[in-house]
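Let me begin by presenting the structure, written as C-alpha cells, before commenting on it.
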Amino acid sequence: MDNSTGTGEGCHVDSRVDHLFPPSLYIFVIGVGLPTNCLALWAAYRQVRQHNELGVYLMNLSIADLLYICTLPLWVDYFLHHDNWIHGPGSCKLFGFIFYSNIYISIAFLCCISVDRYLAVAHPLRFARLRRVKTAVAVSSVVWATELGANSAPLFHDELFRDRYNHTFCFEKFPMERWVAWMNLYRVFVGFLFPWALMLLCYRGILRAVQSSVSTERQEKVKIKRLALSLIAIVLVCFAPYHALLLSRSAVYLGRPWDCGFEERVFSAYHSSLAFTSLNCVADPILYCLVNEGARSDVAKALHNLLRFLASNKPQEMANASLTLETPLTSKRSTTGKSSGAVWAVPPTAQGDQVPLKVLLPPAQ
C-alpha cells in the first residue's frame, strides 16, 4: 500500500494505461462475490449455531469480504476517472483503510482455518480445547484488533496527493514516502509471508497425518489434501503478485529514493496485481461451498429454497427451509450421529492422537 500527503511533482505515471482492467475485475467481483459471500455468511452462521468453531472463522472471513466488496464501487469510479479521487479526503481514508486492511484480515483467517484443520486431523484429542467456539471467537477478536491496528497508521496522515496533471491519488504516492516503505516491508513479511509459511507447515502436518492413517480411503485422502492445498493456493495466487511488487517497490525506494524509473515501469502491473487481490472475495466462498459434492448439494438446496421463496413470495416457506452444512471442513460429530454432509470422523481412543481418519458420506437420497 502507498500513502500520500500534500502535493508535488512526483513520478510521471500514466494513469490512462490501467483504467479498464481493474474496474472490470472489480465489477466482476461485486457481481459474483456479493451473493456468494452472503450465502457463505448464512452457512457459516448455521455452523456456529451448531457449536462448530470453524464456522466462526468462516463467518469472520465472509464479513471481511463483504466489507471489502462495499468499497469497490468507489474504486471502480476512481479508476474510470484515471486514478482521480473525487469523493473527498474523509471517504478516501475510510474506504482505503477498509480496502487494504481486508488483504491481511483475509490472509489471517485463512491461516486460522489451516491451523484449525491441522489440529483436527493431526491432534484431534490433544488440542480439543483449542477447537471450541469460545476459543475461535477470542482468536477472531485478536485477528481483527491486530490487523486493524497494524493498518491504522494511514488514518493519521493525509491520503490525497495531487500530481502535476491535476490527478488526485488516494492512498497512493509515486514515489512513496520512507515511513510507508518500511511499513510495506512489515506487511510483506509479517502480514503475508509469515502466515503463508505457517499454512505450509500445517499442510505438511496434514499430509503426514493422512498418509499415516491406514484406515483412510484413497478418495478421502484426496479430498482432505485438496482442501488444505486450496487454502494455500488462494493466498499464493491472489496475494503473492501484489506483495512481490510491493516488496520490490519498497526495496528500490529505500535504496534509490530519487529514482522514479522503476515506479513508472511497474505502475500498471502494480495496479493490476492490486486488483487481482479482489479475487480472494470470490475464491473464499467457492472454497467453502464447493469443496466437495456434499457442500455442492447443500448450496443447490439453498438456491432452490431461495428461488422457491422468490417465486411464491411466502416468507414462511423460506423460514421453514433447513440447510445443514457439514462439509469436510468440519471436524465436529453430530450429537444425533447423523449428518447431511461429509465429516471427518474421529473415534475416541485412549492411545494418544493416532486415530483413523474417515469421511462419512450421507446416504443416497
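Glycine too: its Cβ is placed from the backbone N, Cα and C atoms.
Per Swiss-Prot, the feature N-linked glycosylation site maps to Asn3 (among others); the stated evidence is sequence analysis.
For Asn166 (N-linked glycosylation site), other Cβ atoms within 10 Å of its Cβ number 8. In the three-state DSSP classification, Asn166 (N-linked glycosylation site) falls within coil. Annotation source Swiss-Prot lists N-linked glycosylation site at Asn166 (among others), citing sequence analysis.
Marked as site 'Required for activation' by Swiss-Prot: Glu147. Secondary structure at Glu147 (site 'Required for activation'), taken from DSSP and collapsed to helix, strand or coil, is helix. The C-beta environment of Glu147 (site 'Required for activation'), restricted to residues of the same chain at least 6 apart in sequence and closer than 8 Å, consists of Ser101, Tyr104, Ile105, Ala108, Gly191.
As annotated by Swiss-Prot, site 'Proton sensing' applies to His157 (among others), with the evidence given as experimental evidence. With a 10 A radius on its CB, His157 (site 'Proton sensing') counts 13 other CB atoms from all the protein chains.
Residues annotated as site 'Proton sensing' in Swiss-Prot, with experimental evidence given as evidence: His167 (among others).
Spatially close to His271 (site 'Proton sensing') yet at least six residues away along the chain are Asp18, Pro22, Phe79, judged by Cβ distances under 8 angstroms. Reduced to three states, the DSSP call for His271 (site 'Proton sensing') is helix. Positions annotated as site 'Proton sensing' by Swiss-Prot, on the basis of experimental evidence: His271 (among others).
Feature annotation from Swiss-Prot assigns topological domain 'Cytoplasmic' to 48-51 (among others).
The topological domain 'Cytoplasmic' annotation in Swiss-Prot covers 124-131 (among others), and the record cites experimental evidence as its basis. If you take every residue in the topological domain 'Cytoplasmic' (124-131) and average the pLDDT, you get 83.
Annotation source Swiss-Prot lists topological domain 'Cytoplasmic' at 213-216 (among others), citing experimental evidence.
Residues or ranges marked as topological domain 'Cytoplasmic' in Swiss-Prot: 292-365 (among others).
What Swiss-Prot records for 11-47 (among others) is transmembrane segment, and it gives experimental evidence as the kind of evidence.
As annotated by Swiss-Prot, transmembrane segment applies to 52-82 (among others), with the evidence given as experimental evidence.
Residues 1, 53-54, 57-58, 60-61, 64-65, 67-68, 70-71, 74-75, 130-131, 136, 139-140, 143-144, 146-148, 150-152, 154-155, 158-160, 170-171, 187, 191-192, 195-196, 198-199, 202-203, 205-206, 208-210, 224, 227-228, 231-232, 234-235, 239, 242, 277, 280, 284, 329, 331, 344, 346, 353, 357 of the same chain lie 6+ residues outside the transmembrane segment (88-123) yet bring a C-beta within less than 8 angstroms of a C-beta in it. Under the heading transmembrane segment, Swiss-Prot lists 88-123 (among others), citing experimental evidence as support.
Remote same-chain partners of the transmembrane segment (132-158), defined as residues 6 or more beyond its termini with a Cβ less than 8 Å from a stretch Cβ, comprise 1, 3-6, 48, 51-54, 56-57, 60, 89, 93, 96-97, 100-101, 104-105, 108-109, 112, 116, 171, 179, 183, 186-187, 190-191. The feature transmembrane segment is assigned by Swiss-Prot to 132-158 (among others).
Same-chain neighbours of the transmembrane segment (175-212): 1-5, 10-11, 103-104, 107-108, 110-111, 114-115, 117-118, 121-122, 147, 150-151, 153, 221, 224-225, 228-229, 231-232, 235-236, 239-240, 243, 246-247, 249-251, 253-254, 257, 259-260, 263, 354, 357, counting only residues six or more beyond its ends whose CB sits under 8 Å from a CB of the stretch. Look at Swiss-Prot and you will find 175-212 (among others) tagged as transmembrane segment, backed by experimental evidence.
The transmembrane segment annotation in Swiss-Prot covers 217-252 (among others) and is backed by experimental evidence. Counting same-chain residues at least six beyond the ends of the transmembrane segment (217-252), those with a Cβ under 8 angstroms from any Cβ of the stretch are 1, 103, 107, 110, 113-114, 117, 121, 176, 180-182, 184-185, 187-188, 192-193, 195-196, 199-200, 202-203, 206-207, 210-211, 259, 262-263, 266, 269-270, 273-274, 276-277, 279-280, 283-284, 287, 291-292, 328-329, 342, 344, 357-359.
Under the three-state DSSP scheme, His157 (site 'Proton sensing') falls in the coil class. The list of residues near the transmembrane segment (11-47) in space but at least 6 beyond its ends in sequence, with Cβ under 8 angstroms from a Cβ of it, reads 54-56, 58-59, 61-63, 65-66, 69, 72-73, 75-76, 79-80, 82-84, 163-165, 167, 174-175, 260, 263-264, 267-268, 271-272, 274-276, 278-279, 281-282, 284-286, 288-289, 298-299, 302, 323-325, 330. Residue density at His167 (site 'Proton sensing'): 17 other Cβ atoms are found within 10 A of its Cβ, drawing on all protein chains shown. With DSSP states grouped into helix (H, G, I), strand (E, B) and coil, the topological domain 'Cytoplasmic' (124-131) comes out at 4 helix, 0 strand, 4 coil. Cα of His167 (site 'Proton sensing') to Cα of His157 (site 'Proton sensing'): a distance of 19 Å. Put simply, Asn166 (N-linked glycosylation site) is 20 Å from His157 (site 'Proton sensing') when counted between their Cα atoms.
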